[in-house]
């Protein structure tokens, strides 16, 4: 059996010669350009720089593609939101052209008025030691009042000036963002407390006051007529 199991002695000599030839290759290479300039470069370093350059270009292209996709998706979301608002909320041309901007400005002013009314510095809370707020000041500067009152004033002003847009906004919010059971319960409580309670009670009080006023005026007129008749007689 031969001593050289995997290869013959000639093959081993050839491999050693190739390795020696590769080791003897120069690590710097000179090249003469067409302009007459001579460039000296290292082939391994040049190859490595080409690899880094290609990798950097690839990463740049990936980032540019991702950024383009993100811009396109953001633009589509903005366009969809604008179309959704125009279709469901801002669908009254008269209010959009004439009343929407003034109503928004006045609603913002009402919001800041609510912030002023609920500011503690306007109701005697000057310092920790010297505090003398009134009952109305305590009521208006409470946490629920500071949270609800500015929004309520802004909502009332916006509803009075642009009722169609305000109604569409409330209906869209209830339909698309709240559960149906919660909306039904909310409307039931609202009807029970406000429509059938406060509103109906205030209407009855106003009607009673109006009837009393008319009866009083009628009795005064009858008295004046009776006095005039007595004077004529």
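A Cβ is built for glycine as well, from the same backbone N, Cα and C atoms used for every other residue.
Looking at the stretches 61-79, 80-98, 99-117, the one that Swiss-Prot records under the feature transmembrane segment is 99-117. Under DSSP, residues within the topological domain 'Mitochondrial intermembrane' (159-233) fall into helix, strand and coil as 71 helix, 0 strand, 4 coil.
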